[in-house]
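A quick write-up on the structure given underneath.
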Amino acid sequence: MNAEVAFHLEARATDLMREHGLTEAEARRRARLEFGGIATHKDGMRHSLGLRLWDELLADIVYGARILRKSPGFTAIAVGSLALAIGANTTIFSLANEMLYTRLAVPHPEQLQLVAWSGGHNVIAHSNWGSQYPNGTGGILSESFTFPIYEQMRRDNRALEDIFAFKDMSRVNATVDGNAQPISVEFVTGNMYAQMDTRPQLGRPIEDTDDILGSAGVAVISEGFWERAYGRSPDAIGKVISLDSNPVTIIGVNASGFTGAKSVQSSPEVFLPMSLMPLLRPEVGNNGPILTSTRLWWVQMMGRLKPGASAEQARAALDVSFNAAARATVTIAKGDQIPNILLEDGSRGMNASGRSYAKPMYVLLTMVGLVLLLACANTANLLLARAAARHREMTVRLALGASRWRVLRQVITESLMLSALGGVCGLILGYLGRNTLPRLLVNAWERNDLNVPFDWRVFGFTASVTILTGLLFGLFPAWAATRANVSAGLKDTANTSTKRRKGWSGRAIVAFQLALSTLLVVASGLFLRSLVKLNSVDAGFRTDHLILFEINPPDRRYVAGKDITLHNQIEDRLATIPGVEGVVLSDIPLISESGSNSTLFPEGADANLSAHATESNTANLADVSQNYIPVMGIPMIAGRGFESRDTETSQPVSVINQALAKKFFPNVNPIGRHFLLDRHRRSKDTGPKERWIEVIGICADFHYSSLRREPPPVHFDLYRQQPVVGGMVYMVRTRMDPDAIVPSLRAAIQAIDPDLPMMNVRTQQQQIDATMQQERMFATLTSGFGILALALACVGIYGIMAYSVSQRTNEIGIRLALGARRNQVRVMVLREAGWLSLLGVVAGLAVAIALGKLVKSMLYGLQPNDPLSLAGSALLLVTVALVAGWVPAVRASRVEPMQALRHE
């Protein structure tokens, strides 16, 4: 640009010397006079090229940085509150992104379809090894099928490119380089890797030729297991690991990020061909060989849509195929219903976390959004005070010719700079805290494989929130700074010019802050009280000094009968360890959100009734060892407990709780009476007498699977009287610190069988705590939100009251000069703070009551309009407001009248 200007000046000077005979100096002088202001021409050129805007923006940034640097206290408070709010939003969104939105790490995951079925309670799926969910119409929904149905549907498939099957097992006994450990496994059919369109990063995938009964055992391991067990060494390929005493050879290492077909959050450690399932789990329940059983519904199915095909077309075709497969392979009794096929989005696998955490995540996102709104209100109030204090500066700018848009842009630039600083700090806080929340969602005794990634969605969300935040809290103060009358503003003093501002707007923003704070503090109180109430529920048995762990004998080595002998050996050996008070076994740990139920027919009922589980004839059960009831501390009410005379070959006996006695034996004494279990539990019995179970005792009610629900009807049966035993949960009552005795327990078990690891070692209290993860997460997070809300409300109240006192210095001085007492001045200021807080709190309570129904299902033992939570929150907010207003009130009462009158 300088060269261009110099060229034109030189050319004009040359013309003047040639045409008028001027000297060079005179010609240059006249050329400059004719050319006019060089700066004006440069400015015009910049404007035509669009450079002026960038120059002004750079100038605004430099000036804004200087202004922020000159006010370190203001900058620190504003950036700190924004960083905490944006960081909290980033952390919660990153978790929600992982649990609700992230897809399987395979090409085109949107094409994957998960096959499910939906029907009433009388569906043909009598025995289910998998999850079932309410279908929204009073029936059930499940993704589990029999393996023969899968095989026929795959043969008949015309709807999808292909159908593959998979099934996970959370814990399998593994021996890796001589070390016994539990690992998670996913069984897959040989076409899974081809249909998922993925290949291992090392080695090869499982193929159809590997998925043939009798083939050599092979495995593909996850990247995490490869790193933990083999240090990422390529030599892992070809290594042999033992799974329940079955050797398998590692043939591949999955690609980074690949988690299989079930979940996107964490990957099974080992992937095996489905043909190996009979070696690790030959039978479940009493349903026959697992791969040929037509009664056990257990395997999941998934496939890809064909190009151009719709999900509805595929569903209709699969429904016909399923109906034919069910009729061909399943014995359908009278009254049984064949359910309807559904196709679910398979891009996130089975998405169990989406089902259980969708509503809590959306509630958390809403609450953390309120925190951000609160931080914006707080920053807007601070900026509004600065805008009022800088009113004369802005008026002078306007008087000197600056446009209102130019001044507005300057103030908005400062707001965006604050927001950018808060966004960067918030992103750092969010990144550092991204894996903190998963610890609230994972059992304390399990390996935490839930890592929350920071992907483009998280960065995009943080950037969007940062920009939106800057505009949200910056626009109103910017508008307030530029709406002044220039001539009137130049005549105002600093005090009178600002006194007319901020008043109503600042108080409105503070009232809004207090309303939001009330909403968050009420939510915090509700979730805290819900957790306290849940923690205070009496479990109905002793939960102290009780260690739980699982022993899962390999079916290949411990066939029927040998598994009972093994459990007896372990039980006897553990009982001899010093510090052990008692050792008992059960197939179900209490209060674990899991359980088992059966259809029960008391003596005298029609035994030919449908064996389907309905509300009227279903009871929970647990297969336990002889001393289970006394060691667990469950009181006996009547009859006797289990004794040594109750053997494998004697009359089957049971101890029932009061709830079962009341439901199935009303108005009669249950002792000595009998009941019959459904046909699946008794299919291996040899005679009608052996199928009846005698009630020998009644114990007190206790919580079976959850503290949230009332104690259900439960019957305890002896595990040694069952046709199939398998893995059991051990409960060890100790006289010492549970952690200190675990090594002795492990050594005793290893002495019996070195290949038997203790799995899922935890205390009973940890087991109970695991069922309250959601309550604890909400109580923890909302408490943090509540504390932050209180701090921001305190800053807002203090700021508005301190500003009010500074602007009313003359008035206060006059009042004192006319005889007002200093305590009256304090009361005057506190009264203003009190009315302001009352307005905000009442508005916040009204909104909290109106929105309470959204969290009603997430609370235990109290309603959303719980008077104690509402009153306590209101009292806390008003108290905080008065405390925040106390310092300005005291400062006002200490004003010297003469100094105040000279304040102008």
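Cβ atoms are placed via backbone N, Cα and C, with glycine included.
What you are looking at is a predicted structure, and each value in this text was computed from that prediction instead of being measured.
Some features that TrEMBL has for this protein:
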type     : residues : note
DOMAIN   : 75-318   : domain 'MacB-like periplasmic core'
DOMAIN   : 367-485  : domain 'ABC3 transporter permease C-terminal'
DOMAIN   : 601-702  : domain 'MacB-like periplasmic core'
DOMAIN   : 785-897  : domain 'ABC3 transporter permease C-terminal'
TRANSMEM : 361-384  : transmembrane segment
TRANSMEM : 411-432  : transmembrane segment
TRANSMEM : 458-481  : transmembrane segment
TRANSMEM : 508-528  : transmembrane segment
TRANSMEM : 777-800  : transmembrane segment
TRANSMEM : 833-855  : transmembrane segment
TRANSMEM : 867-889  : transmembrane segment
Below 8 angstroms Cβ to Cβ, which residues of this chain, lying six or more residues outside the transmembrane segment (508-528), approach it? 367, 370-371, 373-374, 377-378, 380-381, 384, 775, 778-779, 782-783, 785-786, 789-790, 792-793, 796-797, 799-800, 836-837, 839-841, 843-845, 847-848, 851, 855, 858-859, 862, 864, 866, 868-870, 872-874, 876-877, 881
Where else in the chain does the transmembrane segment (411-432) make close Cβ contacts, counting only residues six or more beyond its ends and a cut-off under 8 Å? 57, 60-61, 64-65, 67-68, 75, 78-91, 94, 379, 383, 387, 454, 458-459, 462-463, 465-467, 469-471, 473-475, 477-478, 481-482
Distal contacts, the transmembrane segment (361-384) - CB-CB under 8 A, six or more residues away: 74, 77-78, 81-82, 84-86, 88-89, 92-93, 95-96, 99-100, 411, 414-415, 418, 465, 469, 472-474, 476-477, 480, 501-502, 505-506, 509-510, 512-513, 516-517, 519-520, 523, 778, 781-782, 785, 788-789, 792-793, 795-796, 799-800, 854-855, 858
How about long-range neighbours of the transmembrane segment (458-481): same chain, 6 or more residues beyond its ends, C-beta under 8 Å? 82, 85-86, 89-90, 93-94, 97, 372-373, 375-377, 379-380, 383-384, 386-388, 390-391, 394, 407-408, 411-412, 414-416, 418-420, 422-423, 426-427, 430, 501, 505
List the helix, strand and coil residue totals of the domain 'ABC3 transporter permease C-terminal' (785-897) as derived from DSSP. 97 helix, 0 strand, 16 coil
Kindly report the helix/strand/coil residue split of the domain 'ABC3 transporter permease C-terminal' (367-485) according to DSSP, in that order. 92 helix, 0 strand, 27 coil
